[in-house]
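Asker: OK, TrEMBL features for this one:
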| type | residues | note |
| --- | --- | --- |
| TRANSMEM | 20-44 | transmembrane segment |
| DOMAIN | 21-144 | domain 'Integral membrane bound transporter' |
| TRANSMEM | 56-75 | transmembrane segment |
| TRANSMEM | 107-126 | transmembrane segment |
| TRANSMEM | 138-159 | transmembrane segment |
Amino acid sequence: MTEDRARELAFVFRCSGAATLSFLLAQAVGLPHPVWAAMTGVIVGQEKLGDTRQATLGRFVGTLLGVAIAVLIGLPAEWAGAGNAVKIALSVALAAVIARRHPLVKVCMWTCPIVFLTATPGLPLWHVGLNRGAEVMLGGVVGTLLHLLVEIMIGKIVYHRVVDEGAAKNERGHT
């Protein structure tokens, strides 16, 4: 198998595996919306491991920032009787100011509405944000770890192929 073919198969395995494993783990620990773990597991996966690490970092920081903004805007807005439309407008505006200057964390802009729109009656907004953050963190860790493990496996496959080819050339040269 060529390295390119191995990488194609690895990408498919990583995406499918990250989505499935993230979803199952989020369900197992009782997170209320495991869809965010599954989506994040797929979203952070990039072609190169360094890019996956960067995407994961941006996803983590952006999510935490979005949760913080949603809670910061949402609590006084709820106290004032504002609806979701007002909370979304204000929080996304603030998040957009930050994301415009720091594109790596642009996920903060859609984290805000997600926090408001997945709120459960009777559950404090900060707790909803904590759940969304945990779901994203879980998916990001799973996606990154799978990428790392697959890269190690590909490295071993390529190394063994190179060693085997070198040994075959060496044998042909000595007969």
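Each Cβ is built from the backbone N, Cα and C atoms, and glycine gets one as well.
Just so it is clear, the model here is predicted, and its values are computed rather than measured.
For each feature listed, report its degree of burial, its nearest neighbours and the pertinent distances within the displayed model.
Answerer: Tertiary proximity for the transmembrane segment (138-159) is limited to same-chain residues at least six positions away from its ends with a CB under 8 Å from its CB atoms, namely 1, 3, 6-7, 10, 13-14, 17-18, 21-22, 25-26, 29, 31, 36-46, 49, 52-53, 56, 59-60.
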Asker: Report, as numbers and ranges, which residues of the same chain sit near the transmembrane segment (56-75): CB under 8 Å and 6 or more residues beyond its ends.
Answerer: 40, 43-44, 87, 90-91, 94-95, 98-99, 104-112, 114-116, 125-126, 129-130, 132-133, 136-137, 140-141, 143-144
Asker: By DSSP assignment, list the helix, strand and coil residue numbers for the domain 'Integral membrane bound transporter' (21-144), in that order.
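Answerer: Residue counts in helix, strand and coil order: 100 helix, 0 strand, 24 coil.
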